[in-house]
Amino acid sequence: MTVIDNHEALAEDGEMSEASARDYFELLKPRVMSLVVFTAFAGLVLAPGHINPVLGLIAILCIAVGAGASGALNMWYDADIDAIMSRTAKRPIPAGRIAPSEALAFGLVLSGFSVVILGLAVNWLSAAILAFTIFFYAVIYTMWLKRSTPQNIVIGGAAGAFPPMIGWACVTNSVTIESTVLFLIIFLWTPAHFWALALFKMRDYEAVGVPMLPNVSGERVTKHQIVAYAVLTAICAVLPSFLGFASFGYGLVAAALGAIFVYCSIAVWRMPDGDLKMIPAKKLFAFSIFYLFAVFSALMIDRLAAILVSQAGGSF
């Protein structure tokens, strides 16, 4: 499989049209950043103890900026293949609105800024995890794994799983079994989510030589893997109840959501190979986003309910 690597063919700075603030905001991958902010906030809420609201806001902003910075570095490196893929061709760099060198500088400055401010304002453990997350996504995943192995999403998914752990560390200045479970929920969720996308975007990935699992091992293997990871995610999502940092009620909600997630993955598994419409894969991709938001929302609601009951003198 030939991997596209044509960064030098991109337009030089002088050939760029004038960039707007919106273009730079797009470099931050705002949709991805919103999920990062949400799960990091969940880590803050779920962690035992308290954090000054101002410091909590600074922490969330730093995590958001750090996530956006890694997105900018990803777009800088992937501009050559983004120009070919239909879903990414209109991004600021391949569209000629931002020069690659400007995107690189933007990403590096924001990376340093977010890590240093988080360390100075909150604690250096959370800053170190944020720095490692940026490095992992921009270098380990983007520059190495993405173009070299069909397991790119499995290993690279760790980058997207760190935010709740960072949020937790902002409050406790520690990494615990509870924050590790939050990490694992996202880590195990990522393959089913992205391989569903890879199924109905197979031709795009094939055109640029990115070795996604459907292109390397075929649809059938990918579908088996999607079901396996959906089951593992559903099991992991109920662990907070068994570990004592969420209620039995949360466990029931997580189990119900997990059952739907697995059902959607089985629908993909039953989908005939070569199906051009890929409707079950598209439905799984959409539901997987809702699933993750719903699980972390349920965890936060459960935590807030426990606090309210405790303050009222009851038990939960």
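Every residue gets a Cβ built from N, Cα and C, even glycine.
Residues or ranges marked as transmembrane segment by Swiss-Prot on the basis of sequence analysis: 32-52 (among others).
Among the features that Swiss-Prot reports, transmembrane segment is placed at 53-73 (among others), with the record citing sequence analysis. Below 8 angstroms of C-beta separation, residues 27-30, 32-33, 36-37, 40-41, 44, 103-104, 106-111, 113-115, 117-118, 121-122, 126-127, 130-131, 133-134, 137-138, 142, 159, 163, 166-167, 170 of the same chain, each at least six residues beyond the ends of the transmembrane segment (53-73), sit close to that stretch.
Annotated transmembrane segment per Swiss-Prot: 93-113 (among others), in sequence order.
Marked as transmembrane segment by Swiss-Prot on the basis of sequence analysis: 116-136 (among others). Sequence-remote contacts of a segment are chain residues at least 6 beyond its ends whose Cβ falls under 8 Å from one of its Cβ atoms, and for the transmembrane segment (116-136) they are 51, 55, 58-59, 62-63, 66-67, 69-70, 73, 156, 158-159, 162-163, 165-167, 169-170, 173-175.
Annotation comment: Swiss-Prot describes 152-172 (among others) as transmembrane segment.
Sequence-remote contacts of a segment are chain residues at least 6 beyond its ends whose Cβ falls under 8 Å from one of its Cβ atoms, and for the transmembrane segment (180-200) they are 39, 42-43, 46, 153-154, 157-158, 160-165, 168, 212-215, 219, 222-223, 225-226, 229-230, 232-233, 236-237, 239-240, 243, 261, 265, 268, 278, 281-282, 284-285, 288-289, 291-292, 295. Residues or ranges marked as transmembrane segment in Swiss-Prot (evidence: sequence analysis): 180-200 (among others).
Look at Swiss-Prot and you will find 221-241 (among others) tagged as transmembrane segment.
Within its own chain, the transmembrane segment (252-271) is flanked in space by residues 192, 196, 199, 223-224, 226-227, 229-231, 233-235, 237-238, 240-241, 278-281, 283-284, 287-288, 291, 294-295, 298, which lie at least six positions past its ends and keep a Cβ under 8 Å from the stretch. Residues or ranges marked as transmembrane segment by Swiss-Prot on the basis of sequence analysis: 252-271 (among others).
Taken from Swiss-Prot, the feature transmembrane segment covers 289-309 (among others), and the record attributes it to sequence analysis.
Beyond its flanks by at least six residues, the transmembrane segment (32-52) meets 59-60, 63-64, 67-68, 71, 122, 160, 163-172, 178-179, 182, 186, 245, 289, 292-293, 296, 299-300, 303-304 of its own chain at Cβ-Cβ distances under 8 Å. A Cβ distance under 8 Å defines the sequence-distant neighbours of the transmembrane segment (152-172), meaning residues of its chain 6+ beyond its ends; these are 32, 35-37, 39-51, 55-56, 59-60, 63, 67, 70, 118, 122-123, 125-126, 129-130, 132-133, 136-137, 140-141, 145-146, 178-180, 182-187, 190-191, 194-195, 198, 210-213, 296.
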